[in-house]
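Engineer: Not my notes, these are from TrEMBL:
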SIGNAL    1-19  signal peptide
REGION    24-49  region 'Disordered'
COMPBIAS  26-37  compositional bias 'Polar residues'
BINDING   S68, S97, A177, V204, Y222  molybdate binding site
Amino acid sequence: MMKKWTAVLLLTAMTAGLAACGSNKGADTNTDAPAQNESTEETVTTETSGAAQNADIQGTITLAAAASLEKSFTEHLIPMFEEQYPEVSIEGTYDSSGKLQSQIEAGADVDIFFSAALKQMEALQEEGYIAEDASVDLLENKIVLIVPAGKESGYTSFEDIVNADMIAIGDPESVPAGQYGKEALENLDLWSSVEGKLSLGTNVTEVLNWVAEGSADAGIVYATDAASMTDKVSVVAEAPEGSVSKVIYPVAELKETKNRDAADAFMEFLQSDEALDVFKAAGFTVNSQQ
């Protein structure tokens with residue numbers, strides 16, 4: 001009888017022990033669950049907070065940018081920014097930097113100016129439209145000689161531009177690409193040989209199109225412009241080293257912007273890795289001195 005009761009007591013003790021283990025295991029699981037839930041809630045809260053902060057920035061800002069930047073902005077950068085800031089709208093106007101400078105001086109409502117040369121940016125700074133420390137020298141480009149695709153015969157160097165009967169170049173008075181082109185030709189002692197053959201475009205895109213359609217035998221444009229139309233134009237050569245100044249693209253907010261918060265956000269976005277990747281894909285180089 002004693003043995004029988006002893007067996008019963010042992011069985012009862014084992015059952016209680018197993019129940020306790022099961023209870024502890026459940027408790028452990030429940031302990032981990034709140035920590036996991038807290039982590040998930042924290043992530044959601046952070047994302048929601050960021051979205052709410054972006055939503056607080058509203059309104060429209062006007063971008064005045066060099067014609068050579070148009071494709072990067074319209075096809076990539078503006079949609080990317082507006083997705084991040086759904087309450088902000090970017091209106092872009094694209095032309096030669098000289099024309100854009102004149103429009104700003106005439107009172108055009110512009111928030112961000114993105115020039116294809118330092119000359120126009122520095123002029124607006126001297127005139128008080130842009131603060132001296134507001135400009136960022138963001139990008140660098142190259143000057144190249146192009147001819148219509150399939151018409152490369154007779155052109156192997158930049159100096160072979162003298163072989164063309166009609167040469168397209170941006171007007172040096174207002175188009176930075178034309179200013180750089182003239183500088184290169186003068187430094188190579190070629191300006192006097194080609195001056196009578198020049199057809200002056202109002203911006204670099206017009207020059208590119210003239211060569212692409214065969215209206216001009218050769219032209220001087222930015223490397224990025226030539227890269228956007230490789231099926232219609234061929235690059236003969238870059239302007240020789242030392243023949244032309246560095247082609248720097250500065251960007252800045254105007255002092256009189258009416259939407260400072262949105263303009264600040266857009267300037268920050270333009271310097272982000274994702275924006276710089278778009279510029280690099282278009283053929284620009286990020287300026288190491290920015």
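Quick reminder: no glycine exception, Cβ is built from N, Cα and C everywhere.
Annotations in TrEMBL come from automatic prediction, not curation.
Mind mapping these onto the model and telling me what they sit next to?
Structural biologist: Taking the Cβ of A177 (molybdate binding site) as centre and 10 Å as the limit, one finds 33 other Cβ atoms among all the protein chains shown.
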Engineer: Would you measure the largest Cα separation among S68, S97, A177, V204, Y222 for the molybdate site and round it to whole Å?
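Structural biologist: Greatest Cα-Cα span of the listed binding residues: 14 Å.
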Engineer: Does DSSP give Y222 (molybdate binding site) helix, strand or coil?
Structural biologist: strand
